Amino acid sequence: MAKDSIVVLYTSLEVLIAVACCLGNLLVIWAVWTCGGMRRQPTFRLIASLAAADFLVGAVATPLRVLADSRVQMSFYGCLTLCCVVIFLTQVSVFSQLALAFDRFLRVIIPFRYKTTVTLHRCWWVVAACWLMAATVGFTPLMGWNNHTSMSQSNRSECQFLNVMSMSFLVYFSLYTCFLLPMLIMTIVYCCIFILIQRQLRSTSTVVSHSYYHKERNLARSLVLVLVLFAVCWLPIQLMNMATFYGTKFTVPRPALYVGILLSQANSAINPVLYALKIQHIRAASKKIWRRFFRCKDEPQSSQTSGSDNSSNPRKTRDEKDTKSVETTREG
């Protein structure tokens, strides 16, 4: 009974996280694409790509993860494909954040040549490369790096993530190569960015330069916060995988595994909140969208009210028309 209640709680929280992911990231994408100023900046194109990946985590990966852990009977490769989609979308987030780090670095190191170097056309190529590399990493298990040889030879079995995924793939390739290495690179890049900005602020005396580098520092801080939260949310589940792989007699308790999975999925719901709170352009655009939404919602009611007022008082309407005609005659 206790196990059933834990599963119900876990599934309910996954549903809430999925809804939050979809709504929050959809708002970020909408804000970027409806605001011409942001849409024309490569940085916000990359943020939109990251938000798109987080949206798909809520719309696709989270439901698939719940399905993969609900012991549904399906074929081995059907279950493996579902699990590969989850890894693919996670890697899009990692590579998008890596691209954002290098974008900020170029913005600081070559401020005068940045616009001619980082064009929108090249930015699209970078976005495409992030998704392509993520697909290559995510779907590698389908090429043979999986647990098919150790599974039973029956056509259908219970679909569970760790049953179909090879732990050597999750640790050596997914954790070391595609998670920790990019995190190390991003940490070094952001350290270089802050050192360069501090040097520029000390050496420049003009107000324009100070304003430019202050804005860059604020945006870099916001992106570092996104990076730190990504690491905090994803490290627990990665460490559990490592402990399972290296500890021959160690088994991760099911509740702890659920907490690790929930944390990793929650990261995609937290990101849009950070964008709205920390990045001024996205915050302003999001407020405009909300105002427009509520205004459109109130307009039909107000129009009905005004229409009913006019129809209920025809004498007032005639008096207004007579007044307007008199004023027109006087002006003539």
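Backbone N, Cα and C atoms are what each Cβ position is placed from, and that goes for glycine too.
According to TrEMBL, the protein carries these features:
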TRANSMEM  6-32  transmembrane segment
DOMAIN    24-275  domain 'G-protein coupled receptors family 1 profile'
TRANSMEM  44-68  transmembrane segment
TRANSMEM  74-102  transmembrane segment
TRANSMEM  123-145  transmembrane segment
TRANSMEM  170-197  transmembrane segment
TRANSMEM  218-237  transmembrane segment
TRANSMEM  257-277  transmembrane segment
REGION    298-332  region 'Disordered'
COMPBIAS  301-313  compositional bias 'Low complexity'
COMPBIAS  316-332  compositional bias 'Basic and acidic residues'
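If you look at the transmembrane segment (44-68), the same-chain residues 6 or more away from its ends with a CB under 8 A from one of its CBs are 11, 14, 17-22, 24-26, 28-29, 32-33, 38, 79, 82-83, 85-86, 89-90, 92-93, 96-97, 99-100, 103, 120, 123-124, 126-127, 130-131, 159-161, 261, 265, 267-269, 271-272, 275, 279, 281-282. Relative to the transmembrane segment (6-32), the listed stretch 257-277 leads the set 123-145, 170-197, 218-237, 257-277 in CB pairs under 8 A. Mean predicted confidence for the domain 'G-protein coupled receptors family 1 profile' (24-275): the pLDDT average there is 87. Residues 87, 91, 94-95, 97-98, 101-102, 104-105, 108-109, 137, 140, 145, 213, 216-217, 220, 223-224, 227, 231, 234, 238, 241-242, 245-246 of the same chain lie 6 or more positions beyond the ends of the transmembrane segment (170-197) yet place their CB under 8 Å from a CB of it. Here the transmembrane segment (218-237) has Cβ contacts under 8 Å with residues 43, 90, 93-94, 97, 100-101, 104, 108, 179, 183, 186-187, 190, 193-194, 197, 257, 259-261, 263-264, 266-267, 270-271, 274-275, 278-279 of the same chain, all six or more residues outside its ends.
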